Structure formats: C-alpha cells, structure tokens
Amino acid sequence: MKISEIILLGGLSVFSGSLLWGSLDMPYSTDTTFGPGFIPLNISIALLALVGVVAVRAVLRSKRGFVAPQDTAAHGGDGGENSGVETLGAFMLGGAIVAIAISIYAMSYIGVLIPLGFLLVVLSWQFSGHGLLKSVVISLIVLAAIYLIFSIWLRIPLH
Amino acid sequence: MLDTLASLSGGFETVLTFHNIVLIFLAGIIGTVIGALPGLGPSAGIALMLPLTFGMPHASGLCLLTGVYMGTMYGGRITSILINTPGDAPAIITALEGYPMMCKGKGGLALGISAISSFVGGFFGLAVLVFFAPVVAEYAIFLGPPEYFMLMLVGLSTIVLLAGADVFKALIVTCFGFLVSTFGSDYISGHVRFAFVPELIEGVDFVAIIIGLYGLGEVFYNLERKIVLNLGKPNFGFSDYIPGKADLKEASAPTVRGSILGTFIGILPGAGATIATFLAYALERKLSKRPETFGKGAIAGLASPEASNNAAVPGSLIPLITLGIPGSGGTAIMLGALIMFGLQPGPLLMVQSGDVVWAMIAGLILANFFLLASNVLLIPLFVNLLRLVQKHLPSIVVGLCIVGAFSLNYGTFNIWIALIFGVIGYLMRKNDYPTGPFILAVVLAPLAENYFRQSIMLAQGSWSIFVSRPVSLTLVVFMVLVVCASIISKQFLRRRRVGTE
C-alpha cells in the first residue's frame, strides 16, 4: 500500500471514528422514526469496516508481492530514480499546500487580493518553473481578470 | 405537444435577452476550453463556474452551467485529436480515431466532422428532452416520500457504474460522502450534528467541496507529477475544417446511430456519456464493412461516439429534471446547483419552477447552435488560446478556486474547506478512488435520509411501506435492474476493451 493511500485511509478512519463517537450522543430513534444519530452511527461503522477490508486486502497483496518480487519488476518499479522524482514531487506539493495555507491565513486579515497575488507569483515562479519577471506579469494579468470578473462585474468584496 | 412548444417558446422569451445570449455564447466557449484541457472535464467546468452564478437570475445561472456542460463535450475532442490526450473521459474514444487522422494530415477534417456530429447528437438529445421530459414529469408529481426515497436509492445504486475497477474503493468514498453530508442541522428533528465550529451549522458547503476536489485536487496532482501540457504548434488553414460531401455522407449514418444511442444511454441513471461513447464505437465497428480501418482513422468510429457523447448530455438531464436523479458526475453537480438556487429537484421541479427549466432547455438549444458555429469558426483561436495558457494553468486554476470559495460567504472558512478537499481529491486521484460516487453521496444522502425517515414516520415505524405501494415496488425492481445492468455492462465493456486492444 502506498504511503498516500495509508494517509487517506488513516484520515478517513480518524474522521469516521470521531463522528462515530459524536453520534453516540445523538438519539438513534424516536417513537415514530429514526433519529439524527441513525445514519452517522451506521455509516461510520460501515466506513471503518470497509477501510479495514481494504487494509487487510493490501497487506495480503503485499505479502504475495514479497513472495514474488518479479511482479514488481514487471510493472517497471525498481524504486531508485522513480522514487527520487516522487519524493521531489511530494516536497513540491507540500510546499504548494503550505503556501496556499499561509495565504488563506493572511486573507482573513488583509483581504483576498494581495495574498492571492503573492500566491500566484510564488506558484508560478517556484512550482511551475517560470522566471520571476514572467511570473509577476502573468500573475498580475490573472489577478486583473479576477478583479474585473468578481469584484467589478459580480460585486464580490475581494479587498 | 402544443403545451410543450408553448412552454419552450416561453423559455426562449426568457433567454433571448442580450445579457443571456452573450452569457450562453461565453459559456459554450469557456466549456470548450475547459473540456479541451486534459484533466478538467464537465464536473470541473461546472464546479469552476458555479461561483459566477451567485447573484444571477436562476435561468441565467442554469444557462451558464448547462452551456459549460455542453461546451466541455465539444471541447474534449480537441486535445484528443490534436495531441492524443483526451480532455475528458468521453473523449477517450475520439482519440482512437481522431489522432490517427491527425497523423495522416487530416486533423482539420477530424475536428470539422466531430463538431458537426456533436451538433447533430446534441440536437437529437435536446429534441427528446423537450418532448419526453414533460411526459415523465406529469406522472412523477404523484410520488410520495417512499417513492422519493426509492428514487434516491436508484440514484445511489448507480455508484456501481461510477465505481471504476474497485467496488470497495467506491463504497469507501460513498460512505465518506454520506458522513460529510450529515454535518449541520437535521431537517427532521432540528438537531445540529457535528457543528465543531459555528460555520458548520449549515453543513459543509457543496460548492467548496467540489472546487477543492476537482479544481485544487487536479492542480496538486499535476504539480506533483510535473505534468506540463505540450500542445505543439498546429498550423491549420480554415478550409481544412470543412468536410466534403463524401466525408459527410460517410459520417451521416453513424452520427444518427450515435445520437439515438447516446440519448438513451444518457437517460439511464449512472450510465452517462463515457459509456455511450464506448457502446457507440463498439456498435460502429460491429456494423462496419471494413472493421480493419478502425483505429487507423475511420470516420464512422469518430462521428458516432462524438454524436453519442453530446446526445448523452440532454439525455442525462431528463432524469435530473423530472425525477431528481443525476445520471452522471456532471449532472450530480447540476443537482447541487439546483438545490443551491433554492429550487426543488425532482418531480415537482417542472411544476413549481417550469419557467426556469424551460429557459434552461431553450438556453441549451441556443448553446448547441453557438457551439457548432464557434467550433467550426473559432477552432484556430481555441488552439492558440490553449497554447497561450497551458503553462500557467496551475496559477489560473488556483486563483479561480480561491476566489470562488471565498465568494460562497465572503469569508475564508470555505477556502479552508476547499483546500482540505483539494488534498483529499489529490489523494483519491493518486490512489484511484473514484470521485463520482462521493459527489453522488454528498448530494443524494441528505435527501435520501429525510425521505427515508419521513416514510418510516408515515408508516408508523413499518418498513413495508416501501414494497406495499406499486410505484415504490416498481422502483425497487428498477433499482435491482440498474445494479444488474451496471454489472453486466461493465463486463461487456471490459471484454470490448480487451477486444479493441
């Protein structure tokens, strides 16, 4: 099982576990029908069970893969170079997510446009590999288009 | 019949204003560009446009969304033919025949034929939508909570078709969608569920979810993989796009067959345009006197799937408008949009909001004509526009997503939601977890839960209400048939794909 899938399934398990815990405080049924706790409780249990099934299945598959290593070679996965590229990609992605998170945080204090402008420049310059000047120019054009459409046309207060 | 035509002309009266005409024209062009961009399909297109509809009259907003939806079907074929990279799933088959034509120097002809086939398919589907939807809606108003609940279950049962290769993964994301939909006020008891912060009292905003899932998720995926488009430098003369008489004759019968097939496949809940194109291609190959030409640039293999995927759009709107069942990922988002506009999707939609629905249908007819014109006349412009923005796409999409999420309630909460679902969307895409069932569950689960609890209340705690009423029982049988048909068609498609390869 890939690390990203473990993160996804782990996150879903924590999410469903916390909703399961929360739904225990809600009425499961009333005199005439089911209560607000019915769906969250049952679906949380179902989700946890399904995550368990997929995890067990993955473990069984990986065991089979360990017994027959030629299977992985047949799929072109010798690790090495590919994993290096993947790690670099994951770092890039992590950096982009952090940059977006910082700009969202800044937006709560100084409005949308300025942090968005900086974010677009950073994304274009650091993550898409364009030159700084080109990134600034393109970001300004995108920002101007966004301002025209959302702020002027649709009157959404972006600043 | 006359009533239908009168209603349609009423729709045209609403739509034929300068503002709406410009909007529909732009929607078609935007949809074409989005459809042409690999990875951004109808769902992403509608999701990105949804924030723009805030503050618009309902009819205009729906015209914008359906115009974009139809436009993506036209646009998907452009990159399929030019660079063998389908813009969206329904355009996969287009690449099989379109790209070999491009390699033979007939790329312009392939674009021209596919544009005309798309127009015919869309027009046929719209004709069926206009005359068939009111008939279904007329009978649908007699349904009660048990029937509504069964309809929602029929919709949810289509998850089998949207599932992809692994049903367990589809079930996981479906359960996740169910749980996400439980946040906020419970409409039956008034109990507030899982409102960890005050903003969650109204639940998790559907638009923020899809902006994150499709917009940001796609950017994250491409960023990690360092996927950069390379559209090259196609250099077509305008005359290359106009097919000759012989080409049109060769394309005519497959186009008609694809139109009929696409419309009826589109009507089936969960089937959608992708399945329609595979079946249309398989049918043409079966009927062809020269099946060996398929895969090498056969006009029949290009025209029929293109007609079918455009015909499937109005086809999939029939169950959406009349019964509230979304037939595809795109219509699932449309369903969310209808709810967002305060309209009540389902049998009462055409009764209570007929003017809006007919305006939307009139807008679609207009969009189809605009799209034919723009796809024949503006192809060189599209190609060059794509080349212009291809390297800056991540910034543009992130900018639109952030501002779109902000527009939902003029705060940063929904941007955080979009970011969270962006990461989830990326993880789902990376690990082949289908997003269609998740969206379907988020949209349908709250409705299904309410109708289910109302039905049980109506029957004073008895479950027999679901099988004691004839319509409800019929829907139970239909649901079983949908699931069985889904499994059989999956097997059929798998064999077909193996055969094609």
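Any Cβ shown, glycine's included, is placed from N, Cα and C.
TrEMBL annotations: computationally assigned, not manually curated.
Noted in TrEMBL for the protein shown:
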{"type": "TRANSMEM", "residues": "B:21-40", "note": "transmembrane segment"}
{"type": "DOMAIN", "residues": "B:22-440", "note": "domain 'DUF112'"}
{"type": "TRANSMEM", "residues": "B:46-70", "note": "transmembrane segment"}
{"type": "TRANSMEM", "residues": "B:109-136", "note": "transmembrane segment"}
{"type": "TRANSMEM", "residues": "B:148-180", "note": "transmembrane segment"}
{"type": "TRANSMEM", "residues": "B:192-216", "note": "transmembrane segment"}
{"type": "TRANSMEM", "residues": "B:260-283", "note": "transmembrane segment"}
{"type": "TRANSMEM", "residues": "B:317-344", "note": "transmembrane segment"}
{"type": "TRANSMEM", "residues": "B:356-383", "note": "transmembrane segment"}
{"type": "TRANSMEM", "residues": "B:395-428", "note": "transmembrane segment"}
{"type": "TRANSMEM", "residues": "B:471-488", "note": "transmembrane segment"}
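It is B:46-70 that, among the stretches B:21-40, B:46-70, B:109-136, B:317-344, B:356-383, forms the most Cβ pairs under 8 Å with the transmembrane segment (B:395-428).
Among the recorded stretches B:46-70, B:192-216, B:317-344, B:356-383, the one sharing the largest number of Cβ pairs closer than 8 Å with the transmembrane segment (B:109-136) is B:356-383. In the predicted structure, the domain 'DUF112' (B:22-440) carries a mean pLDDT of 81.
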